[in-house]
Amino acid sequence: MNTNLALLLLLAPFLGFLFNIFFGKKIGKTASGVVGTLTVVLSFALTLCFFSKINIDQQPIQIQLFNWIQISNFRVDFGFLLDQLSILWLLFVTGIGSLIHLYSISYMHDDENMHKFFAYLNLFIFFMITLVIGSNLLVLFIGWEGVGLCSYLLIGFWHKNQEYNDAAKKAFIMNRIGDLGLLIGIFIIGSLFPTLDYTTLKTAIASSNNLDISMISLAAFALFIGACGKSAQIPLYTWLPDAMAGPTPVSALIHAATMVTAGIFMITRLNYVFDLAPEVQNIIAIIGAVTSLVAATIALVQTDIKKVLAYSTVSQLGLMFLALGFGAYEIAVFHVITHAFFKACLFLGSGSVIHALHGEQDMRRMGGVKKVMGITFITFLLSSLAISGIPPFSGFFSKDEILMTAFHNNIALWVIASLASLMTAFYMFRLLYLTFFKEFRGTEHQKSHLHESPALITFPLIVLAILATIGGAISLPTGSWLNGYLAPLFSKEAHEAHHFGTTEYTLMAVAVLGGIIGITIAFVKYIKQNQVPAEDAEITGFAKVLYNKYYVDEIYDAIFVKSTNVLSRFFRDYVETSLSSLVFGLGKVTNELSYQGKKLQTGSIGFYLFVFVLGLCSIVTYLFLAQ
Amino acid sequence: MTNILNEIGIENYIFLSVILFCIGVFGVLYRRNAIIVFMSIEIMLNAVNLLFVAFSTYHQDAQGQVFVFFSMAVAAAEVAVGLAILVSIFRNLGSIDINNLKNLKG
Amino acid sequence: MNVSLLLIILLVGAFATYFAGDKLASKVALLFSLVALGTSIALLNAYNVGENISFFKYWINNPSVSYSFTADGLSLIMLLLTTTLTPLIIYSSFGNEYKNAKSFYALILFMTFAMSGTFLASDGLLYYIFWELALIPIYFIALIWGNGDTEERKKAVVKFFIYTLAGSLFMLIAFVYLYQKAGSFLIQDLHKVELSRMEQFWIFWAFFLAYAIKIPIIPFHTWQAKVYQKAPTVGTMLLSGIMLKMGLYSVLRWQIPITPIASKTYLPILIGFGIAGVIYGSIVALRQKDLKKLLAYSSLAHVGLIAAGCYTLNIDGLRGAVLQMLAHGFVVVGLFFAAEIIYRRFGTRTIADMGGIRTQAPKFASLFMILVLASVALPTTFNFVGEFTVLYSLYQINVWFALLGGTTIILGAYYMLKMYQQVMLGETNSKVFADVNFHETLVLVIIIAVIFFFGLYPRPINELITPSLDQILRTLNRIQ
Amino acid sequence: MNTLIAIIGLGILCLLFEIFDARKAIIPIVVIGLLAILGLDISEYNNPNTYYNNMLIVGKFSSGFSGLFIILTIFLVSLSHKFYENHQTKISDFIAIKIFLLAGAVAMVSFGNLAMFFLGIEVLSIALYVLASSNRLSIKSNEAGLKYFLMGSFASGIILFGICLIYGAMGSFDVTEISELSRSAELPIWFPIGIVLVFIGMLFKIAAVPFHFWAPDVYEGSPALTTALMSTLAKVVAVATLYKLVKTMNADISPAFQLIIVIVSIASMTVGNIMALRQVNVKRMLAFSGISHAGFMLMTLLSISKSSGTLLYYTSAYALAGIAAFSVILYVCKTKENEDITNFHGLGKNNPLMAAILTASLLSMAGIPVFGGFFAKLFLFNQAIQAEFIALVIIAVINSIISVGYYFKLILAMYTKEPNETKIPTPTVYYAVAVIAIVLNIALGLFPSFVLDLL
């Protein structure tokens, strides 16, 4: 029973994909969209069943399908594990997924390849589910690469534009770098305790008394690199902003809510491995903090509405990694969920604006749309408050938890994180003001066509906004449902530790204050003084550096891409040719010899006989000397 | 006949015929006129014949002398063929200098 | 029923095709190749029920040589690969018109015959004979029906022939030497023969020369790209799909077990060669202007990894190598066929002249995409199973090997996606590109089906090959 | 014995046919006669015997090789019909000469006495001089004849001198006596010299380096059919005789002597192959390839005690391939004035069968499997390695790689070049000979034991 349900849950989106690939064009755009959406909704419904089930009896559900890959010392089964974590993840993957499908029906309606778009979205959901419910690392890897593929397909969805294709390629390859790390991690784990299955692995670690910590740390580090690739952490984050080339729903679903959180999922899954490697955890924490700050600084000056959101995503993910670094997995998960709500909402909101402005993404060409786009504005406002950590919105609770943990473990990182969140508040409201307030700065034509988006777009916005507002409820500082729910997963006792004293309250105050300061600065800058960000040419000084993202892309390009291509050209033009001429050379030499030899064949009898006699004499004399 | 080889010694016969043979060889090597080259070859063969006879007396055995007849017959046949070839060459080239025969080479 | 039947069918098929005349040749060839496929499946069946399908008959008494064909799991799987790909390859050529078709298809069948013989022969000399025989048909196929400027083609093909022949002649010497030692060419006797370290090293390198040129392992690969480019696509498919597997198969079957000490001593060097091939091939592939050449270099990279797997001398490496051989066989045939499909429409193989095809031919674009993904070893494709196993075996030797070999998943993705982008994507092409017709679709779909089926369920193959691979490892470790 | 007599009888018969003016009948009659003689020879195979107090020793060796010679002669004779179309009057002479040549050949392999040996050589050589220059009006043919004649008779002189020294040392021409004596008593210094001189004379006949210079010129100059005869029959005869000579008179070869053999054989292979690379005239190319093959055949002398079977196998494989190749060459160059490679352009299109046959025979010479040539080389290498001449084998292998270079030049010309004129009709006899020869060659490859175990 469970098996069939689980399979249905998994395969429903896949069937949707197949249906849309083969019949999508025939049945027309809306129909294909509806089909795509319904399949995801179905999965969502099934997830809810499982969720209710697991809430009653804490029993995780194990499903083994068949033996997949056979390795000398262990074998990998095709199996699923439905426990608290995976079901929780399924909830928002399928939930937000179905909302975004719904949204896309209207958003993508002008695109002639809409059925393909839905096919890819369904495929993505399918792979994401695989990633989440896989019972071992290799099934996770299927999903891991699969979502990478889908993000490739969707980023490059408008494949006539080679720049988009470049972005897609970049995303795929950077992910692959991470994947190699993940693979190596899998190898190490597989050879240490011959299994890749989560549950058996957990017991194996728990039972064994002499663990090779150094190897485990190496494994943890390798896995973390994988996570960096997927979850866009330093140094592998540059693909995410470029990924905004894809349609906005894609950015909302894949590059904000679901796929990018896969890294956090994986680390939380393997918390028992990471707990064994404290130094790796430190690295994770540091990387997370730094990423959050760097991304936030870049976001300060971006003018493309989606770029800002992209960098804010990177920064938020950084915060999550910070939490993971301190072993506060449930807090990271908490932030993942709340972030999924408000970030999805923000992206969809921006999408609705872009939609209204016929694809205009530059904030300098926007402004004042709040008059016509009321709903969009409200939802956007709520989510912005949430992300800026203003109580009582969801973001406040999750972010505050993270900051608190940081404070308790490492002041320096706490400072960095707080700075990041202050900047977050600033740039979010900068975005808000520039987009919705003041006068419209775009063309007349655009102005005339300004309109509120249709219900299909606004409905998801509203839902998400509500969630973003109240989402914090699942883990209130006083008695957290989430921590209780996730408790079975974690070996050591969850971080209920910091009972609420003065420090905690001051910290909260500081955090909130930071948010408010950020908002105020933005308000002063863009409402009071009515500034508009300068045109690209006029940007100077440090702002220019920030505007160009610290030139990281350029540096990577120079170091890796260029050098590889130079090497490739060198190999092609010199090494290859010289190698082959080496082989040809032998032939040439013999040919030359033959050419010279022909001269010996003079045709004169005298000479022939002379050589004859010479040979005769030499042989005879040699024989004499020999005897 | 108490054979004279005892006085002279077989070696000298060998030396003599070797010398004759070498003369023949050098003739073949250095002369350009085909006829003379033939003659030189004949000298070689006859040097050998001489040695045959010497050996046959040395061994008191007739086979050697019989062999000489074979070789003479063969030599005659060879020369006949050779002269025939030479004639046709003379018809075509108007000369029998073997230096003119260098069309086949390389 | 024994394996010789299959060989007979193929040989008869070759002649029948020749005498069928140009009109019917292709059909007859396809028919016979399908019959061969059926036979090999029947053989597999017989093998599984434990019937004895090997064939033995004395041939020459001194030196004692015999017609000895034995089939274990390894040979059978290679046989299946050959007999499955051949009909596909023949069928894929239906779109083209060949002059003097009867000889063309006859040669294809003859080559299949020779290659099957190579996989089956268990007598050293017999094996060598088939090994050489396989060379002649491909030589003529590439020479007569190849494309591009004749002079260049001649140069490339003759180089290929002489180069490979040179390699294999040294193998012949090694065999003769072994015969002196063992007094027989039969593989089981050759496995028994005890050789001194020195002898082993010489024999090892003699074999290595032959195989390194055939596979090819760098730096012996210089013939490859040009020949792949100049040969007709059918020839390229035969070469890359089946023929280079002959080399890898021989490494497992002949080289490693006969010279255990040497192979153990040189293990790191050989793996180094393989991995160097992976990186080098991938990097060179990045900047190729000709589609077939690019694919040639990609296949150089892949076989590098396979070779590395073979030389790890552990069960994972061997198993992964075999799986990867099969996977690569199918994928590379598919990719070359895709190149051919484009050539049929655009009459060019220069990547620069392509692009913007996807909008015109969505079906083809999707099929091609799947092939590309398979060749970059996306999970659930057959290639992933092989690549994962090989990389894991490399990790068991040394983590750095795994890391360097693993770069294939990055670089591979790089050049393949770059290629796909330049060939398929971008602004709609001005030239008209008709979408794939029924024949073409069928071929590609079959290949893709195979790739995914075994990508998800490689178990039957594992169960088939594992015993014989274990056997090989036992022979390998007979001297400790 | 009877074989020899019968052959001579047949030769005389040919001359008589001339007198009775029945030229049409000659060739069929001769072929039938030769077939009969072949049967006779086979009957002799099983009852070895000696005649005329050891003048002739008929045994497995002699009758085996004689059989090969006879077969080759059958092919050559049946080819001559078309070849001499335009001067019918001479035909009986040419045929008769060939028959007598065969007689000489048979005498050479079955000699039991140096006199017989010498006569055999001379009969063979003189016949060849005549055939080489048989095209009187062509200066090339004359030159070839004269060159061959001069150098040949020079070599005969050397051989004769050698025989003489041997006789001087042993006091006998009987090979069996000589070999016994050579083992027992300590020998006068000139005995080894004699052996060496005879050996060198034979090296000249098989055209081994450095006594090979005549071969390319003579092959090129002589009429194609004669070249065919030289490169197949004559070479095989000479090698067989050399082998028998060394085996009977010098059974225990001194290391020094072995070294000479090794060096000469290496030199012959290498020079022959390398020189062949840049030839444009096919006959000339085959001459050089013949030189290299002579080098290969010399390897049999290194394991002389048991390599006679191998030698027979190698020679027959080589000769059959040669016959097939030459019958194609004759067909192609019938109307041309020379035998340049350009004449072969596009043969693959004009006449696929002939092209295929030529390809097959070249592959056989290059030593590609299933053709006789491959097994010949294989057995050769096998024995050489057994006798621990691995270095020599490696060089031989490198040489056979080089040889592929020029064999394939011809194949390429046939298949990749465009034909430069319309196809010419093929006389069926050429087809017949070519096909039979190549089929025999392949059969040789498929059932090697049949020939290998004859001796």
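Just so it is clear, glycine is given a Cβ too, placed from its N, Cα and C backbone atoms.
Where the annotation comes from TrEMBL, it is an automatic prediction and has not been curated.
Taken from TrEMBL, the feature domain 'NADH-Ubiquinone oxidoreductase (complex I) chain 5 N-terminal' covers A:68-118.
Residues or ranges marked as domain 'NADH:quinone oxidoreductase/Mrp antiporter transmembrane' by TrEMBL: A:135-424.
If you look up TrEMBL, you'll see A:34-51 (among others) marked as transmembrane segment. Beyond its flanks by at least six residues, the transmembrane segment (A:34-51) meets 5-6, 8-10, 12-13, 15-16, 19-20, 24, 27, 61, 82, 87-88, 90-91, 94-95, 97-98, 101-102, 105, 118-119, 121-122, 125, 129 of its own chain at Cβ-Cβ distances under 8 Å.
Annotation source TrEMBL lists transmembrane segment at A:87-105 (among others). Listed as Cβ neighbours of the transmembrane segment (A:87-105) (distance under 8 Å, sequence separation of 6 or more from its ends, same chain) are residues 9, 30, 33-34, 36-37, 40-41, 43-44, 47-48, 50-51, 54, 117-118, 121, 125, 128-129, 132-133, 247, 249, 252-253, 257-258, 261, 265, 333, 337, 340-341, 344, 348, 351, 456-457, 459-461, 463-464, 485-486.
What TrEMBL lists as transmembrane segment is A:117-135 (among others).
Per TrEMBL, transmembrane segment is recorded for A:180-196 (among others).
The annotation transmembrane segment is assigned in TrEMBL to A:216-240 (among others). Long-range neighbours of the transmembrane segment (A:216-240) within the same chain, counting only residues 6 or more positions beyond its ends whose Cβ lies under 8 Å from a Cβ of the stretch, are 144, 148, 167, 170-171, 174-185, 188-189, 192, 255, 259-264, 266-267, 270, 273-274, 276-277, 279-280, 283-284, 287-288, 290-291, 294-295, 310, 313-314, 317-318, 320-321, 549, 552-553, 556.
According to TrEMBL, the feature transmembrane segment maps to A:252-274 (among others).
According to TrEMBL, the feature transmembrane segment maps to A:280-301 (among others).
The feature transmembrane segment is assigned by TrEMBL to A:308-329 (among others). Long-range contacts of the transmembrane segment (A:308-329) within its own chain (CB-CB distance under 8 A, at least 6 residues past either end) are made by residues 227, 231-233, 237, 240-241, 243-244, 251, 255-256, 260-261, 263-264, 267-268, 271, 274-275, 281-293, 295-296, 298-299, 302, 335-336, 339, 343, 346-347, 350, 363, 387, 399, 401-402, 405-406, 409-410, 413, 417, 420-421, 423-424, 427-428, 431, 486, 489-490, 492, 495.
Long-range contacts of the transmembrane segment (A:372-391) within the same chain, counting only residues at least 6 positions beyond its ends with a Cβ under 8 Å from a Cβ of the stretch, are 312, 316, 338-339, 341-343, 345-346, 349-350, 352-353, 356, 397, 399-400, 421, 424-425, 428-429, 431-432, 435-436, 450-453, 458, 461-462, 464-465, 468-469, 471, 511-512, 514-516, 518-519. Here TrEMBL flags A:372-391 (among others) as transmembrane segment.
Here the transmembrane segment (A:411-433) has Cβ contacts under 8 Å with residues 285-286, 289-290, 292-293, 295-297, 299-300, 302, 305, 308-309, 312, 315-316, 318-319, 322, 363, 380-381, 384, 387-390, 399, 402-403, 510-511, 514-519, 521-523, 525-527 of the same chain, all six or more residues outside its ends. Sequence annotations record features per position, and here TrEMBL assigns transmembrane segment to A:411-433 (among others).
Annotation source TrEMBL lists transmembrane segment at A:454-476 (among others).
According to TrEMBL, the feature transmembrane segment maps to A:605-625 (among others). Within its own chain, the transmembrane segment (A:605-625) is flanked in space by no residue lying at least six positions past its ends with a Cβ under 8 Å from the stretch.
If you look at the transmembrane segment (A:180-196), the same-chain residues 6 or more away from its ends with a CB under 8 A from one of its CBs are 71, 73-74, 76, 136-138, 141, 144, 204-205, 208, 212, 215-216, 218-229, 266, 273.
Mean predicted confidence for the domain 'NADH-Ubiquinone oxidoreductase (complex I) chain 5 N-terminal' (A:68-118): the pLDDT average there is 88. Taking H, G and I as helix, E and B as strand and the rest as coil, DSSP gives the domain 'NADH-Ubiquinone oxidoreductase (complex I) chain 5 N-terminal' (A:68-118) the counts 29 helix, 11 strand, 11 coil.
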